Amino acid sequence: MAKTASAMLFLYLLLSRCLLSHAFQEFITKFPMPMMYNFPSCSSTIPSTCRNETAIADTCCFEYPGGLILHSQFWNAPYRKRSYRDFGPDDSFTIHGLWNDRCDGSWDQFCRRGSSIRSVVDILSKDSLNRGGLPITGKALLRQMSMYWKGDRGDENLWVHEYNKHGLCLNTLRPECYQRWGSVASAEDQAIYDYFRIAMNLHLKIDAYHALSRQGIKPRCDAPYDAVRMQNALADDFGREVQMQCTGNRLTGVTYYYLLRGGILSENFQPVDPTQSSSCRGKIYWIPKSGC
């Protein structure tokens, strides 16, 4: 009798365990646990890009043949009073792109054409990039980009162009690198997310508008500024020279230059002087976005 009772108890416990296991599997299928974002771990002995004396074998932790990282920003303003276009916040430059130049200032473009994309919104809106476990959700990132990454032919047209032309040339964002440290989405989607996330991070850290305004330089219509004064204000804030772009005698953009320690996902950016000269000379106008 005792043996029968023990056997029945054993069967009951086994059945309960199976039922609980099945219920748990159904639960995690319907409500998947967010995967944690795995940042890559690269050797501390890897040199900065463009500073290595020998070839670096770990191509997921060393950006090559690029390695001179440029963060380019627009200052778009109408020639006359505000047009229908949205130029972004009045007190902020907007993003042009994040570029991966070679150490000599030349660059590759439209790499890995088979991985080109047609939509950024569709990818960043996917459930896999909005479940949590990420530094910022894909949809929140899109909201930031819609404010600070403006294109004159539509924002998404610019985003797609920048990723296909420059993002796909960042070799430390290759799919095989994500196989090494994991991702919360497909490797291809994760790379797209990371390109735009890192570009936004850099933009939010480096504020050219306030670097100038702290030196008493603000957009105005009635008088030009000395280009050297503006250049010095930007350099004081960044710690290195900053490349300024002008169209005629109007300021239209700035570009910050960096070297990189570790892969692009490390975000270990090291400011350096530009390899290209500024195109702004003499007296230049910084036009308000509201127009003149």
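Yeah, the Cβs are placed from backbone N, Cα and C, and that goes for glycine too.
Predicted, not measured: the structure shown is a model, and the values here were computed from it.
According to Swiss-Prot, the cysteine that forms a disulfide bond with C177, out of C60, C61, C292, is C60.
Closest to C103 (disulfide bond) in space, going by CA atoms and restricting to the active-site residues H96, E162, H166, is H166. The least crowded of the disulfide-bonded residues C61, C103, C246, judged by other CB atoms within 10 A of its own CB, is C103. Residue with the densest Cβ environment among the disulfide-bonded residues C42, C50, C60, C280: C280, by other Cβ atoms within 10 Å. The recorded positions close to H96 (active site), defined as a CA atom within 10 A of its CA, are E162 out of C42, C111, E162, C246. Of the recorded residues, C111 (disulfide bond) and H166 (active site) place their C-alpha atoms 8 Å from one another.
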